[in-house]
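A.B. asks: Below is a structure I'd like to ask you about.
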Amino acid sequence: MRKKLIAGNWKMNGSLAANEALVKGLRVGVGASVCQVALCVPSVYLAQCQALLVGTAIALGAQDLSQHEVGAFTGEISGAMLQEFGVRYCIVGHSERRQYHFETDALVAAKAQRALACGITPIVCVGETLAEREAGRTEEVVKRQLAAVIHANGHCISEVVVAYEPVWAIGTGKTASIEQAQQVHSVLRQQLQAASIQADRIQIIYGGSMNAANAAELLAQPDIDGGLVGGASLKVPDFLSIIASAC
């Protein structure tokens, strides 16, 4: 039985004071959760959040890492650096990185490989745009994106988390229907099963505007193993509600 994973993606939000208040609220509410909880925070706040999360069941996560191990790559952050701060999860290939930073499938696969090499679980994001969905290309797109990661990481694919994030549902308030979300998760599960005998242990989480109102129904689906939560992860009551739905 796969445990549910609820990962908060703070994106480019937060401040020292706000972070402290948020994590303190979560510390009280999460307790000894039976599901897995992570916070993927801006890199400048990793040290602060590492200290704030000591003694909790909440794992620390990052939002990106370099595909390079070390070297003259100004502005980049390596997996080894993240590892020193106790980072356990790292988002790779988020649609905002693909869109605004022109990250390709091959680059995302290389970043996932680098995370795994550093003992960090990559949360590999895949998803289609509205135009791709309306053109009937959803399955083609998500399978292509995931195939690159499978090809680059081979037997290690069982160590990743996959996040399906319909791009048209991120930050828009729109959500894929329960049926749409489960259908894509099922496609991804089948692709993983063809690639690994351990596919049934791989968590596939949903990242398209999961919130307190829709979390329970989404998380009840057989192939939805958690959520990559954006805006709702910045609000203690909402994030705790989603965690409760998963646990």
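Numbering starts at 1 and runs along the chain as displayed.
Each Cβ is built from the backbone N, Cα and C atoms, and glycine gets one as well.
Sharing the feature lines straight out of Swiss-Prot:
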ACT_SITE  HIS94  active site, electrophile
ACT_SITE  GLU165  active site, proton acceptor
BINDING   ASN9, TRP10, LYS11, GLY171, SER209, GLY230, GLY231  substrate binding site
A.B. asks: In whole Å, how far does the CA atom of GLU165 (active site, proton acceptor) lie from that of HIS94 (active site, electrophile)?
C.D. replies: 8
A.B. asks: Tell me, how many other CB atoms lie within 10 A of the CB of SER209 (substrate binding site), whichever protein chain they belong to?
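C.D. replies: Its Cβ shell of radius 10 Å holds 22 other Cβ atoms.
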A.B. asks: DSSP secondary structure for SER209 (substrate binding site), reduced to helix/strand/coil, please.
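C.D. replies: Going by the DSSP assignment, SER209 (substrate binding site) belongs to neither helix nor strand, so it counts as coil.
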A.B. asks: Through the lens of DSSP with three states only, how would you label ASN9 (substrate binding site)?
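C.D. replies: Where ASN9 (substrate binding site) sits, the three-state DSSP reduction gives strand.
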A.B. asks: Taking the Cβ of GLY231 (substrate binding site) as centre, how many other Cβ atoms lie within 10 Å?
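C.D. replies: 19, counting other Cβ atoms within 10 Å of GLY231 (substrate binding site).
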A.B. asks: Non-local Cβ contacts of the residue listed as 'active site, electrophile' (under 8 Å, 6 or more apart, same chain)?
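C.D. replies: In sequence order, the residues whose Cβ lies under 8 Å from that of the residue listed as 'active site, electrophile' (at least 6 apart) are ASN9, GLN63, ASP64, CYS125, GLU165.
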A.B. asks: ASN9, TRP10, LYS11: which of these binding-site residues has the highest Cβ count within 10 Å of its own Cβ?
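C.D. replies: The most densely surrounded of these binding-site residues is ASN9.
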A.B. asks: Count, for each of the recorded positions GLU165, GLY230, the other C-beta atoms lying within 10 angstroms of its own C-beta, and report the residue with the smallest count.
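C.D. replies: Candidates: the recorded positions GLU165, GLY230. Fewest Cβ atoms within 10 Å: GLY230.
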